[in-house]
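Remarks on the structure that follows.
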Amino acid sequence: KYENVEKGDEAPKKCGVTHTNLESDEPIEKASQLFGTSEQQRFDPRHIELVIVADHGMVMKHNGDLTAVRTWLHQIGNNLNVMFADLNIRITMAGLEMWSEKDLIDIQSAASETLRLFGEWRERYLLNRRMHDNAQLLTTVNLDGDTVGLAYVGGMCDPKNSVGIVQDHSRIAREVAATMAHELGHNLGMAHDGNQCNCGANGCVMSEEIIERTSYQFSDCSKEEYRTFLDNHNPQRILNEPLRTDTVSTPVYGNVLQNSPHPCCDPVTCKPKAWEHCISGPCCRDCKFLRPGTVCRVARGDWNDDFCTGRSSECESNPWNFWNH
């Protein structure tokens, strides 16, 4: 939901995104395509050390299985790296925090208030425990209206304002990652795309609404706004490449956030080999997509089984689940 609030000269702007559609099943590009394009040569390399905080509802959503939560967060982080590649930005997971016992702030459906509280908590507590550039709160709380995310515009590297909140609104990791990328885009000075903005698709990352067949690329407008943010603010923190000791890892295959040996990867670059389909995901086995119709998520309650499409490593949502609810 679009929101642009200013209270005096010091109050930061806030912008969000609304969710209006079903998820698409288009496969995201492989990690081997991430870096080295001519487009990203327009930007100097930047490194964002990110902390993702999962609220208590996220832990309960996964039946208290912290490994499952951690896996989900890394899947989101991997997708973020793909989306920010054209800007020559590498996302490094500086930390994962899971509120396993209770929420450490009062998470409300009022997105602006939750964002404010999360920013204050980050400044007071999180920065004292772990150095990082940005923090995103992932919550199961239904944010007000159609809002699924909110962030401060231009807040990157500010102790209180380098934050965003994202509702865990989809069972497909890249859809949630697209919302988180949108909020990170706001933190990097990007506004919502107007009708004149183009990324080669109907909807870009900074579109005000998540529409059907959403693109996972930033528009020409977003790239210019990002360049303006860099010129005006010169954020020094995101110039430094983080040490490996400052990152967290997970046994999930395909962790492009930190190099790790894997049979699908080139042993030198740890990028997927050219002839392989995938390196991770519930629909990836032996570096290949599983056959269409393979069950990847067993039915629960009145939900139907979800199946692999044969075109993606993701476990796509069964459309019958949406038609019947």
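Quick reminder: no glycine exception, Cβ is built from N, Cα and C everywhere.
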(message) Candidates are Q217, Q236, Q258; I want to know which one Swiss-Prot annotates as pyrrolidone carboxylic acid.
(response) Q258
(request) Kindly point out which candidate in H169, H192 is recorded by Swiss-Prot as part of the Zn(2+) site with H182, H186. (result) H192
(request) According to Swiss-Prot, C296 takes part in a disulfide bond; indicate which of C278, C284, C315 is its partner. (result) C315
(request) Between C197, C204, work out which one Swiss-Prot annotates as bonded to C199 by a disulfide. (result) C204
(request) Using all protein chains shown, find which of the disulfide-bonded residues C283, C296, C315 scores highest when you count other CB atoms within 10 A of its CB. (result) C283
(request) Could you tell me which of these disulfide-bonded residues, C197, C204, C278, has the fewest other Cβ atoms within 10 Å of its Cβ? (result) C197
(request) Quick one: of H182, H186, H192, which of the binding-site residues has the smallest count of other CB atoms within 10 A? (result) H192
(request) Determine the Cβ neighbour count for C199 (disulfide bond): the number of other Cβ atoms within 10 Å of its Cβ. (result) 21
